[in-house]
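Asks: Got a structure here, written out as structure tokens. Questions coming.
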Amino acid sequence: MEKWSLMTITVLIALTVRWAVSLGSYSGAGKPPMYGDYEAQRHWQEVTYNLPVRQWYFNTSDNNLLYWGLDYPPLTAYHSFLCAYIAKLINPDWIALHTSRGYESQPHKLFMRTTVFVADLLVYIPAVILYCFSLKETSTKKKASICALCILLYPGLILIDHGHFQYPLSLGFALWAVLCLSYDWDLLGSVAFCLALNYKQMELYHSLPFFCYLLGKCFKKGLKGKGLVLLMKIAGTVVASFAVCWLPFCTDVEQIMQVLRRLFPIDRGLFEACDKVANVWCSLSVLIKIKNIVSPQTQLKLSFAVTFLTLLPTCIKLTIQPSLRGFKFALVSCALSFFLFSYQVHEKSILLASLPVCLIINEIPFMATWFLLVSTFSMLPLLLKDGLLLAYTVTTLAFLSICVASFSIFEKTSAEDLQLKPFSLSLKGYVSWFKSFPKMVKSLFLLSVTLMGVLSLMSAAVHPPQRLPDLFPLSVSVISCLHFLLFLVYFNVVILWDSKNSRSQKKIS
């Protein structure tokens with residue numbers, strides 16, 4: 001009972017912070033003609049409720065795709081329809097066709113914020129709680145609550161979901177999938193991940209680790225016996241899950257192709273969505289205007305090749321030596337590779353790498369805390385645009401304080417604590433510098449945090465030079481990108497040199 005009491009307090013704290021952040025302004029408030037993501041979510045409710053399914057993804061007189069046209073998979077559309085049905089019962093004006101465009105009122109804001117709050121409460125938060133309770137490392141009554149509190153107070157997700165305005169469902173379903181696989185409930189895990197993928201196509205960032213881990217388990221069981229049966233069951237489950245989600249759009253091929261064109265608008269260019277994302281292509285564009293010297297087709301091929309090559313070693317290792325621990329680290333590495341090198345990346349996509357980092361915060365608290373701070377910082381230009389400076393400052397400082405107090409992160413900077421012991425041993429005679437490794441890592445962390453703090457302050461309070469209006473956003477992007485490249489190297493080293501992956505792992509019990 002005491003364990004649950006501690007967790008109840010944890011959940012209440014997490015919900016209070018979320019609600020406090022949601023009380024501020026929202027993305028695009030009072031900024032016609034497009035407004036922002038808040039209006040996008042509201043508009044999808046308008047479209048899905050008033051138009052037949054066959055028109056949801058097509059450009060018509062009633063559905064102008066240039067004005068926040070649906071560009072997420074069917075499950076997002078169904079969720080929008082459900083929210084619209086409830087909105088219609090409260091106030092039909094909120095989703096009236098055409099006339100509700102740009103609708104702004106306090107009651108509607110309360111309704112929309114509540115829908116995000118409920119989605120968090122029903123899907124994401126329970127998955128976090130169960131995950132933390134089930135870890136062997138957090139089996140004591142305090143450790144599970146501490147781990148859950150750190151994950152639930154990760155500022156990046158709170159600021160995007162409850163400040164910028166997004167729904168946490170895709171990441172919530174992905175977390176449920178990880179939890180199911182942890183218990184060897186492979187079919188349920190497959191269903192949960194299919195739901196995540198059919199809610200947001202960006203869950204492709206996590207798809208290869210899921211595929212390789214399950215395929216590796218099948219290989220391990222033997223493809224002439226139980227492994228083949230498991231493989232067929234998983235394949236059947238995935239096909240059935242997709243068939244159910246896409247059923248209303250399977251009336252003809254053109255319907256399916258139109259949805260796919262909306263989900264993957266490759267004609268827009270390498271980084272059309274935003275040119276100040278903390279990935280490699282946007283950072284390189286500061287020096288080399290890639291869009292001007294490389295054709296869109298070549299950009300696509302280059303992006304695919306580099307992304308594939310950077311995640312290939314991790315995927316091969318996971319397939320050959322499937323383990324739950326390796327799977328969670330692979331989720332981080334692959335998502336980070338996609339973020340840094342793939343096509344059409346948005347600032348918010350860093351959350352796809354941040355979620356699996358949250359899942360291993362109990363194993364490498366120092367590096368996980370550092371990564372999560374950088375990931376939040378990398379979205380600073382977007383957060384400032386949404387008027388979330390105060391929320392960003394308070395939630396970030398609170399998160400850092402809780403991680404320092406809960407995990408004593410500065411005491412866990414040795415090579416062994418950072419999972420680098422096997423790598424250091426493989427260097428044989430070249431490991432003398434590892435003696436000063438803890439001190440060096442702490443210094444780098446403090447330098448990094450100081451730099452992020454100074455740049456955050458300057459971005460909010462100092463006017464950039466007239467000749468360089470994007471100086472601060474670009475600085476945030478480039479500095480964050482350099483951090484992420486180092487983190488990518490780090491996580492790959494941990495995965496590839498981890499001898500534990502060849503043995504039975506510490507499993508979720």
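Keep in mind that glycine also has a Cβ here, set from the backbone N, Cα and C atoms.
Sharing the record's features from TrEMBL:
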- 1-22: signal peptide (SIGNAL)
- 110-133: transmembrane segment (TRANSMEM)
- 145-167: transmembrane segment (TRANSMEM)
- 173-197: transmembrane segment (TRANSMEM)
- 227-249: transmembrane segment (TRANSMEM)
- 326-343: transmembrane segment (TRANSMEM)
- 350-377: transmembrane segment (TRANSMEM)
- 389-410: transmembrane segment (TRANSMEM)
- 444-462: transmembrane segment (TRANSMEM)
- 474-497: transmembrane segment (TRANSMEM)
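I'm curious about the neighbourhood of these features; can you describe it?
Replies: Sequence-distant neighbours of the transmembrane segment (145-167) (same chain, 6+ residues past either end, Cβ-Cβ under 8 Å): 3, 6-7, 9-11, 13-14, 17-19, 21-22, 24, 26-27, 36-38, 41, 79, 112-113, 115-117, 119-120, 125, 128-129, 132, 135, 138, 348, 350-351, 354-355, 358-359, 361-362, 372, 375-376, 379, 382-383, 386, 388, 391-392, 395-396, 398-399, 402-403, 406-407.
Only residues 6 or more beyond the boundaries of the transmembrane segment (350-377), in the same chain, are considered here, and those with a CB under 8 A from a CB of the stretch are 131, 135, 137-138, 143, 147, 150-151, 154-157, 159-160, 171, 174-175, 178, 202-203, 205-206, 278, 325, 328-329, 331-332, 335-336, 338-339, 392, 395-396, 399-400, 403-404, 407-410, 412-413, 417-419, 441, 445, 448-449, 452, 455-456, 476, 480, 483-484, 487, 490, 494.
Within the chain, the transmembrane segment (474-497) has long-range Cβ neighbours (under 8 A, six or more residues past its boundaries) at 276-280, 282-283, 286, 310, 313-314, 317-318, 326, 329-330, 332-333, 336-337, 339-340, 350, 353, 364, 367, 371, 374-375, 377-378, 380-381, 418-420, 422-423, 426, 448, 451-452, 455, 459.
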Asks: Of the listed stretches 173-197, 227-249, 389-410, 444-462, which one has the most C-beta pairs under 8 A with the transmembrane segment (326-343)?
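Replies: Counting Cβ pairs under 8 Å, the winner is 173-197.
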